[in-house]
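Student: Okay, here's the structure, questions in a sec.
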Amino acid sequence: AMDGAPPPTSPTGLSAYVAVSQLLGLTLLATTGAWLGRYRGGVAWHSPLQFNAHPLCMVLGMVFLQGDALLVYRVFRHEAKRSTKALHALLHGLALVIALVGIIAVFESHRTKGIPNMYSLHSWCGMATFVLYLLQWFLGCGFFLFPGASFSLRGWYKPQHIFFGITLFILSITSCLLGITEMLLFKISDSYSHFVPEGILANTLGVLLVAFGLVVGYVLTREEWKRLPLAEELALSMDFKTLTESESPGG
């Protein structure tokens with residue numbers, strides 16, 4: 001920007017929706033903690049409470065952090081693209097690590113208690129989502145973060161990456177909703193239909209998950225809120241295309 005030019009601003013309404021998403025995200029984390037702490041005894045690793053690390057990690061990693069990773073390109077609109085890419089990949093990577101801890105927790109808990117694994121719809125959807133999410137992360141890093149992929153190959157893969165990113169976010173929330181229902185039916189099946197406080201709190205968590213997903217999805221699908229390339233990025237993009245597609249005069 002030229003000296004004396006006003007600082008760049010975000011589009012009208014974007015900051016408000018991002019703020020609402022963060023408020024919802026923090027609230028759903030607090031609600032998850034309240035449910036596990038008040039009604040399920042809390043969280044501990046080497047104990048019968050090890051299982052409770054699973055819902056906490058999945059909500060934190062596969063929903064909250066994944067949602068924030070998707071919002072990076074809307075929030076950091078005027079920062080260098082390379083830095084934004086790195087933050088995007090870092091948040092997704094952190095989400096994967098936390099989710100992996102949650103998966104280990106449930107498998108370890110089942111082994112200790114003699115409970116079979118991978119028989120429920122929740123476990124099928126959840127594991128498929130995690131594996132696809134891991135694959136999406138590796139492909140994203142290979143195509144966009146590290147040099148090597150050609151301009152045309154990146155251009156082909158970008159729409160797939162965006163589509164599957166949003167799809168995996170939806171699948172993550174769906175898996176969490178299935179997990180909440182499954183846990184309630186296991187723990188309070190006799191009293192769930194009587195509107196007991198635990199059931200109401202867990203249902204509220206489900207509503208918060210849906211609300212968080214809707215707000216994040218709305219921000220991601222508003223065309224006028226998409227990040228526009230900076231002038232220097234357009235120049236670098238053309239240089240990259242020239243180098244990778246052999247379009248230079250001396251190529």
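Glycine is treated like the rest: Cβ placed from N, Cα and C.
Grabbed the feature section from TrEMBL, which reads as follows:
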{"type": "TRANSMEM", "residues": "12-36", "note": "transmembrane segment"}
{"type": "DOMAIN", "residues": "20-221", "note": "domain 'Cytochrome b561'"}
{"type": "TRANSMEM", "residues": "56-76", "note": "transmembrane segment"}
{"type": "TRANSMEM", "residues": "88-107", "note": "transmembrane segment"}
{"type": "TRANSMEM", "residues": "127-149", "note": "transmembrane segment"}
{"type": "TRANSMEM", "residues": "161-180", "note": "transmembrane segment"}
{"type": "TRANSMEM", "residues": "200-220", "note": "transmembrane segment"}
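Distances, neighbours, how buried they are, the whole picture for these features please.
Tutor: Only residues 6 or more beyond the boundaries of the transmembrane segment (88-107), in the same chain, are considered here, and those with a CB under 8 A from a CB of the stretch are 45, 50-51, 53-58, 60-62, 65-66, 68-69, 72-73, 117, 127, 130, 133-134, 137, 140-141, 145.
If you look at the transmembrane segment (161-180), the same-chain residues 6 or more away from its ends with a CB under 8 A from one of its CBs are 54-55, 58-59, 62-63, 66-67, 70, 120-122, 125-126, 128-129, 132-133, 136, 139-140, 143-144, 202-203, 205-206, 209-210, 212-213, 216-217, 220.
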Student: Could you name the stretch, out of 56-76, 127-149, 200-220, with the greatest number of CB pairs under 8 A to the transmembrane segment (12-36)?
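Tutor: If we count Cβ pairs closer than 8 Å to the transmembrane segment (12-36), 200-220 scores highest.
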Student: What average pLDDT does the predicted model assign to the domain 'Cytochrome b561' (20-221)?
Tutor: 96
Student: Can you tell me which parts of the same chain pack against the transmembrane segment (200-220), counting only residues 6+ beyond its ends and a CB-CB cutoff under 8 A?
Tutor: 14, 17-18, 20-21, 24-25, 27-28, 31-32, 34-35, 38-39, 59, 63-64, 67, 70-71, 74, 166, 169-170, 173, 176-177, 180-181, 183-184
